[in-house]
Amino acid sequence: MKRPVDFFAMKENGEKITMITAYDYPSAKNVEQAEADMILVGDSLGMVVLGYDSTVPVTIDDMIHHTKAVKRGATDTFIVTDMPFMTYHGSVNETIQNARKIIQESGAHAVKLEGAGEVVNKIARLTEAGAPVVAHLGLTPQSVGLTGSYKVRAKSAQEAQELMDNALAVEAAGAIAIVLEAIPRQLAEKVSKALSIPTIGIGAGLETDGQVLVYHDIIGYGISRRAKFVKAYADIDETIEPALASYVKEVKAETFPEVKHSFTMAEEDLKGLYGRE
């Protein structure tokens, strides 16, 4: 299993880092078999697998539950787990206790926090406490309630400078990597070159040190609309939906199960059932 020191070396050597967001045992197993470098258990599970309208309702217990499943499916892959909405905006002690709970109970190797500002100090204190932290800048989904959209961030010179300053701040605080989401590729390149820690892009162009996409987006599973930055490598919904429809049709028509899908018993045993001939 790769560790933070390995990710630093990959950046140094120009080897791209691959991260895939997964939420359960079978998807994590697939990701590990594909030899991805990292798995992110994102609070996006709230929308992707729990059916919420946003990530806001996701709880620490949700994150622990799904991370434990991912851990069972990917026993030899570095796992990063999101700290959900408002679990790191209270006191430093509350933040440390929430991170401790996630790491100890789920087996995650690191936690991810969105934003900068007061979050920078939380990253520093978690790092001091021995908890590896991945930062997340640009489009931060937990803040969509304030920003009102999932549009690209940091397009103006002022916003770009602010993001650069924040990236340097979270690096100085001890973050082991930074996710850069939905920012101009030119800015992502400058940030990546300015930092000594890896940048993982999603909608941030080719020049970041690595890339992350959601498992479901990659394979086309349960997706009604794809973001511009998502490339579909498969569309398994096109296989799943007719398969399920065929099952329903065959059960209604009494053509499933066939004999080959059933078990039998010896006729003499059947005749002797409850002493009846």
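Backbone N, Cα and C define each Cβ position, glycine as well.
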Site-mate of Asp43, Asp82 for Mg(2+) in Swiss-Prot, selected among Glu12, Glu15, Glu114: Glu114
Rounded Cα-Cα span from Asp43 (Mg(2+) binding site) to Lys112 (3-methyl-2-oxobutanoate binding site), Å: 10
